[in-house]
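Engineer: This is the structure I have questions about; it appears just below.
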Amino acid sequence: MAKVTFVRTKPHMNVGTIGQIDHGKTTLTAAITKYCSFFGWADYTPYEMIDKAPEERARGITINITHVEYQTEKRHYAHIDCPGHADYIKNMITGAAQMDGAILVLAATDGPMPQTREHVLLARQVNVPAMIVFINKVDMVDPELVDLVEMEVRDLLSKYEFPGDEVPVVRGSALKAIEAPNDPNDPAYKPIKELLDAMDTYFPDPVREVDKPFLMPIEDVFSITGRGTVVTGRIERGVIKPGVEAEIIGMSYEIKKTVITSVEMFRKELDEAIAGDNVGCLLRGSSKDEVERGQVLAKPGSITPLKKFKANIYVLKKEEGGRHTPFTKGYKPQFYIRTADVTGEIVDLPAGVEMVMPGDNVEMTIELIYPVAIEKGMRFAVREGGRTVGAGVVSEIIE
């Protein structure tokens, strides 16, 4: 079949396979690319290619991730697959590869397992908007057992606040699709087609960063004689235009109001700047000593300064450059939250957890020495003595 030139005309979406090791995530990923290749929508990426995932670094942590891409009638998908359980945990916590939708792969032979639960919980905490279930290996068990597994997984999803009754559940065998002849009408591909149709219809279109309320972490502050105070940084989300009101948030509970009188990029004045742009904003009525690195410039009322929150933290192993010893309640590292570098204390650990070992992933309560702009699902790094010792994601706001 002739190669089709790739033109990005379809909406783009990031997805990924999650679930217990050996339940068939990588085989399913390969099967999707095989089926899509019949229509010129993908290059077939075999299991072996996906399995030897290249290393990537995110927030000082090394993660193995494979990216494949494919299209359907409706969308262009970038799909991630991680070989090891720890890689999934690290990816979800650092946000190295964001997921707008997740495909939970579950073997009919096992049903939900500990890693299945851990991945679903993390998907909830990092705000993965939607999930679809693929029950794999259905050729190896009785249909009654598959019904039971489906009931179990729907209960599990409901427990973690996903709409368990509405989530599409597709049943099939990824391996059978890999082994089937190259004919898209072969019955072995029916579940793969069903899964892609479910992704197209059930996964909502991602909210683009540009459509969210304006926020820019402040990287640098300087004053220009006769003009006022300029703050620089990369716009994280939203759009900004000159003449608009904004709030300066962080370092104290006081929220300072200001007006952005001009927006510049590469020494040129702009009518508007959007998410991803590196800009300088001239602030009216703010003196240089009122603004500092670590604060954020944001749309009024969109974010509040906080000191106390719960977060899921992955603690690096010694081999990853992390700590050699465990830590307990009362541990005080540095938290790198956007551009802020602030000391905080681990004030609480889950019931029954006395100490946190390198390599653990634990939800803990953190209290910072001063408030910064924080929201659920936000990523940060934990550092001590100039090295990264952990990566975290905010799971709950306390105060």
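A Cβ is built for glycine as well, from the same backbone N, Cα and C atoms used for every other residue.
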Engineer: Which stretch, out of 108-111, 136-139, 240-243, 376-379, is listed as region 'G4' by Swiss-Prot?
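Structural biologist: The listed stretch tagged region 'G4' in Swiss-Prot is 136-139.
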Engineer: According to Swiss-Prot, region 'G2' applies to one of these ranges: 60-64, 210-214, 265-269. Which one is it?
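Structural biologist: Checking Swiss-Prot against the ranges 60-64, 210-214, 265-269, the region 'G2' one is 60-64.
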Engineer: How many other Cβ atoms sit within 10 Å of the Cβ of Cys82 (GTP binding site)?
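Structural biologist: Taking every protein chain into account, the count is 25.
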Engineer: Express the distance between the Cα positions of Val138 (GTP binding site) and Thr26 (Mg(2+) binding site) as a whole number of Å.
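Structural biologist: A Cα-Cα distance of 16 Å.
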Engineer: With Cβ-Cβ distance below 8 Å and at least 6 positions apart along the chain, what are the contacts of Asp22 (GTP binding site)? List them in sequence order.
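Structural biologist: Those within reach of Asp22 (GTP binding site), by Cβ under 8 Å and sequence separation of 6 or more, are Ala107.
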Engineer: Restricting to the same chain and to sequence separations of six or more, state which residues have a Cβ under 8 Å from that of Lys25 (GTP binding site).
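Structural biologist: In sequence order, Thr17, Ile18, Gly19, Asp81, Val105 meet the Cβ cut-off.
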